[in-house]
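In Swiss-Prot this protein carries:
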type	residues	note
REGION	70-95	region 'Disordered'
CARBOHYD	T72	O-linked glycosylation site
COMPBIAS	73-95	compositional bias 'Polar residues'
CARBOHYD	T80	O-linked glycosylation site
CARBOHYD	N85	N-linked glycosylation site
CARBOHYD	T87	O-linked glycosylation site
CARBOHYD	T92	O-linked glycosylation site
CARBOHYD	S105	O-linked glycosylation site
REGION	119-166	region 'Disordered'
CARBOHYD	N163	N-linked glycosylation site
DISULFID	C173-C186	disulfide bond
DISULFID	C176-C182	disulfide bond
REGION	187-198	region 'Binding to host heparan sulfate'
REGION	190-257	region 'Disordered'
CARBOHYD	T199	O-linked glycosylation site
COMPBIAS	204-222	compositional bias 'Basic residues'
COMPBIAS	231-257	compositional bias 'Polar residues'
CARBOHYD	N233	N-linked glycosylation site
CARBOHYD	N248	N-linked glycosylation site
CARBOHYD	N251	N-linked glycosylation site
CARBOHYD	S253	O-linked glycosylation site
Amino acid sequence: MSNHTHHLKFKTGKRAWKPSKYFIVGLSCLYKFNLKSLVQTALSTLAMITLTSLVITAIIYISVGKSKAKPTSKPTIQQTQQPQNHTSPFFTENNYKSTHTSIQSTTLSQLINIDTTRGTTYGHSTDETQSRKIKSQSALPTTRKPPINPSESNPPENHQDHNNSQTLPYEPCSTCEGNLACLSLCQVGPGRAPSRAPTITLKKTPKPKTTKRPIKTTIHHRTSPEAKLQPKNNTAAPQQGILSSPENHTNQSTTQI
């Protein structure tokens, strides 16, 4: 700010000095030629010019100072805020680094815990599978239930065909006591034991067929007006015709069926 004001003062003084310099040179020339009256008038005019120039420079200086007085407050505010701006990123970077390292450490610890828990779960599962395999190998072959298919296209009757043949283990005849089924299936000795166990085929029970009975339909015929007029002509016939009418109707209905 101070440099700028000094520069403006120097420019205004330089502009006022040029005409005054030429004026002084002219006055000196007139003084040599002994023109006192002219010199006095010139000196008076020069004094007036210098006074006016000084007044003009003072006015310019005051106006420039007022116009530049307002922005002078802003640099002071910026200077007070600059140290805060310089120091805040340093602290934020340190905070970011510390938080980043803490997050990484927590994630790594969580991953390690997950891996250990997975290892334990896998260990339990492998032990369970091995125990199941040993149990299945040690157990004797038993009747297996047919698998349940959720689809409706395969009916459950197809599964019974696969399970009709059942394999039985080797049993000696000495264990059978009065059981005819056991005697028919047992072997006398181990030497005669067949390569394959005998199979029992179960016969399917046929389903009872349902026969639909025919439904009887009775048709009632209306008597014609000619039949009603016949009793008037014959005196004995009307009673027979009236009595025989329901029998005739039943005979007609049975014949039509």
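Cβ coordinates are placed from backbone N, Cα and C, and glycine is handled just like the others.
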Legend entry - C182 (disulfide bond) to C173 (disulfide bond) - Cα separation in whole Å: 8
Inset, instruction - Would you kindly give the Cα-Cα distance separating C176 (disulfide bond) and C186 (disulfide bond), rounded to the nearest Å? - result: 8
Inset, instruction - Return one of helix, strand or coil for C186 (disulfide bond), based on DSSP. - result: coil
Inset, instruction - Taking the Cβ of C186 (disulfide bond) as the centre, count every other Cβ atom within 10 Å, in any protein chain shown. - result: 17
Legend entry - Cβ-Cβ distance under 8 Å to C176 (disulfide bond), same chain, at least six residues away: C182, L183, C186
Inset, instruction - Tell me, roughly as an integer, the mean pLDDT over the region 'Binding to host heparan sulfate' (187-198). - result: 53
Inset, instruction - State the three-class DSSP label for C176 (disulfide bond), counting H, G and I as helix, E and B as strand, and everything else as coil. - result: coil
Inset, instruction - Using all protein chains in view, find how many other C-beta atoms are within 10 Å of the C-beta of C173 (disulfide bond). - result: 12
